[in-house]
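Written out below as structure tokens is the structure these notes cover.
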Amino acid sequence: MAAARTPSVPTAGKPLRESSVELVTDYLETPSLDDRSYRVVRLSNKLEVLLVHDPQTDKASAAMDVNVGAFSDEDDMPGMAHAVEHLLFMGTKKYPVENEYHQYLSAHSGTSNAYTASTSTNYHFEVSAKPSNDEEPSAANPSPLLGALDRFAQFFVEPLFLANTLDRELQAVDSENKKNLQSDQWRLHQLEKSMSNPKHPFCHFSTGSFETLKTIPESRGVNVRDKFIEFYEKHYSANLMKLCVLGREPLDVLESWVVDSFSVVRNKDLPLNVWPEEVPFTKEQLGVQCFAKPVMDSRELNLTFPFLDMELLYEVQPSRYLSHLIGHEGPGSIMAYIKSKGWANGLSAGAWPVCPGSPSMFDVQIRLTEEGLKNYKEVVKVLFQYIALLRETEPQEWIFDEMKGMADVDFKFKQKTQSYRFTSKISSVMQKPLPREWLLSGNSKLRKFDAKLIKESLDCLRPDNFKMTIVSRDVPGTWEKKEKWYGTEYTVEKIPADFMEELEEAAASSANERITNLHIPHKNQFIPTKLEVEKKEVKVPAPAPHIVRNDPLVRTWYKKDDTFWVPKANLIVSCKSPLVYATAENTVKSRLFTDLVRDALEEYSYDAELAGLQYSVSLDSRGLFIEVSGYNDKLPVLLEQVLITMRDLEVRTDRFTIIKERLTRAYRNWELQSPWTQIGDYTGWLTSEHDHVIDELEAELPAITAEAVSRFRKELLGQMHMELYVHGNLYKEDALKLTDMIESTLKPRVLPKVQWPIQRSLIFPPGSNYVWKKTLKDPANVNHCIEYWLYIGDKADHQIRAKTMLLDQIIHEPCFDQLRTKEQLGYIVYSGVRAGATTYGFRFIIQSEKTASYLETRIEAFLESMTKILETMSDTDFENNKRSLIVKRLEKPKHLDQETGRHWSQIHSEYYDFEAANKDVDQIKPLTKADMLEFFNHYVHPSSPARAKLAVYFVAQAKSDVTTKQISELVKTLQLDSVSSAQAATDLQARLSAAGHDEEKEIEGLTTYLLHELKVPENKIEAATEAWKGLHTQTGEANGVVKDAEPPTSNGTTATVIEDVRGFKAGLAASAGAKPAKDLSEYEELDAKL
């Protein structure tokens, strides 16, 4: 029974606001090793709160989930919920400075984010969990969480929706939308939405754009700021909010703070958002096949079935039983059969909720080969034959029990995640109608076997209850329509009657009519049975692993887990070989070999994956990379099979052809990704001694044969040096046995130490000023990109490291505020440390419709302004920044994998500096403002003659010299409805940009488009062309149009444009290779067993 009470702990420095609190529960089902304590309360305004006391956390956090999202947008103003999410951060009555919240978080090791989903909007932050005196927090000695909660709460009490920030934030929404325009994930999801029931909110365009949120509404006389405030007032209510707060403070203190800050959030007693009246897909929208043309060269077959509403089925979760069987990849599965036919590269299946009150959707997604695309109808028939098999077979309780057992084990040994990830996820889960005791275990666990409900859900998977999408750049070759928001080309039609008849036959097939290869899975031999962990009292966990074997062939590092006490382990092997990166051709052959190994292991390893064991065979920067991780019980079994497959791999021509074609597309598609995701690889290539970029690899691939890979495999595995790390719930003798297994299975010859690969970065001398340019491959992409990189010094120099990291801490928030929030250069604006193999640098990345040379001028202007920010920074703010950085550097790993990753990064780098964080902190502590000014003025300030800089320019083919403002004004003259206006704006920006500022071509393209595609009356065309003639002349920086320019120079040097990369590299010295921080013999423990 819930109890009402009043918190007894006063808030620091403030009288407690009178408010009763209802205790919902203080018992939650938790993982076995969870040392947190929990309490669920309901405030007097009906705001529900989960309080979490974590005595070990480095970061405190809070998240608010509001039960309103894109499904609540008004039909004629798409993106409202998303815009409100952006605008909410722009000042509050109590804290009117727009970036005060972000400044506070930044000064206390914090970060924040938010997202808008279909039915909820989620806001979250994290901040240092300890007070500045480093003592335990309390009501009298509060951590920065108190100040963060107070600022955070005001967004839900009195946000200002500052008028002077409105256009900027709507431009940010617009940039976010433009960032996604070439993403197939966004395009195909919106296509599905656009083809759904227009009376159901699933059809909404959720991101919004400048046109939908400002230009078009204002052309109708709408005051958009008033609209956003109206949306907030209408939908934001305390009774629809779920808050999760995590900190080191005791629960009573956290409760007191929450009551003080959040009890004043207004409760409007709004009903929960449910949509029971309409379904996302009506009968008319089912039984159709859609052919969609992707941006990437991909081939997919996607089948969607309207399913049961899963909201209240959390105990049984029948969809998981079905997705387990349909998505299986082991013997007898759909995937095993269609792969054996050469039709598919992958298959996934599962259900996802649309919204409360509406049926969920069950999706089957199949990645097709070229042959699979030709035979996609056969693939669909195989699926329905398997569904017929499931209908014929009674739901098997042993399968459910196997799934339930693994789910129980996974939850029992669930480890902590980052604080803000936890609070964000759990506040979202709180919106579901789960018993509050199950908030943590909710959908993770399976609780009841219900054969009847499984059959009922299986009955949804019928030929008369699905729609199908075939994604390909080749089939059918012409597409009849364009999706209105993203411009995806597609054709949609009813599934032909003869094909539907074949599907119905397949769905009704009996055992003797079905493919004999199909059957339900066998029992999983990888389910772990030994889950014991010998836990010992450890005062301080060991900071580093030990070397337990060290000879010319192999060096084995080992650490018994002394922190997390889970029955898991990680094994990593780096097989060092100079062959892999000797040439681009060798790199491609190595990649094909690792892809073929994974392909050969797919059926075998699937059961292991279901049982919590993963493996990887890939490339690292020194050679081959093998990793096996998960529950340690059966880890040696999986490792042995991986090694045998590597050793005995038969390179079959049929599989090689499929894998090679897949890699060809992967290389091609990589170059069609967002520019900001590509640019780092080129900077790495230009700043390291030996590296290959995608262009080189792609050029080598066509000539490589199956025989060449087969021969190369023998060379590659024939000689190497192996460095291992074994970490987790294993003993020293286990680590040595695993090492012996690797040696005896692969049997490599010793690679002499003198031949071990050495990694070196290039040294940029003082005054260096280089620019390298590349034109992007995607002709439709309008985004330019820059990585502006400054060389600082030796990666092993902890003083260099400390100053560079502190600069990042100080610069990060002002950079984002100036270049993204205020100047709106683009949605992607990033600054931070960039470490090479042996050197340290500082970089900025911006992706924008503006040219890279212009972006460089803005980065330099920002850096000019940083001198004043540093000079005028108060001592308190400077010390806060130092403390914030120290907290980040000393943050403890949250789970076993994270600790493994930290240790492995030191082993693989060959610095072996396991105390790096503490050494960095020792250098950070004594730093003064004068030190940082001297450092900044020498290495970073644009006018410094000592500064060494490389700027990488990505140039978009589709020049976006036409601004959003110009397009918005043009579209206004057409007086179109909101949907047509948004489509016209997207199309016209691309067409007019492509004309390259040739007015005649612009007018011709505009007229053709308006006449033939939009079919607008001639009088409107004349008005539009006249309007464009006026707008065409409005170029220049003030209007956001920036022509290409020479790279800026402020220190007397002229930028050298790199034309010959080999010549450029030849002109630079290479650094020394990495050296161990201390003699490795100090880590050796070669005798006694633990």
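Note that Cβ sites are derived from N, Cα and C of the backbone, with glycine treated the same way.
On a predicted model such as this, the values are computed, not experimentally measured, just so you know.
TrEMBL lists 1076-1090 with the feature compositional bias 'Basic and acidic residues'.
The domain 'Peptidase M16 N-terminal' annotation in TrEMBL covers 49-199.
Model confidence over the domain 'Peptidase M16 C-terminal' (225-404) stands at 96, taken as the mean pLDDT rounded to a whole number. Marked as domain 'Peptidase M16 C-terminal' by TrEMBL: 225-404.
The annotation domain 'Peptidase M16 middle/third' is assigned in TrEMBL to 411-697.
Marked as domain 'Coenzyme PQQ synthesis protein F-like C-terminal lobe' by TrEMBL: 806-904.
With DSSP classes pooled into helix, strand and coil, the tally for the region 'Disordered' (1069-1090) is 4 helix, 3 strand, 15 coil. Marked as region 'Disordered' by TrEMBL: 1069-1090.
Listed by sequence, the residues of this chain that lie at least six past the ends of the region 'Disordered' (1069-1090) yet keep a Cβ under 8 A from its Cβ atoms are 544-550, 557, 560, 689, 731-733, 758-763, 765, 794-796, 837-839, 909-916.
Comparison of 49-199, 225-404, 411-697 by number of C-beta pairs under 8 angstroms to the domain 'Coenzyme PQQ synthesis protein F-like C-terminal lobe' (806-904) places 49-199 first.
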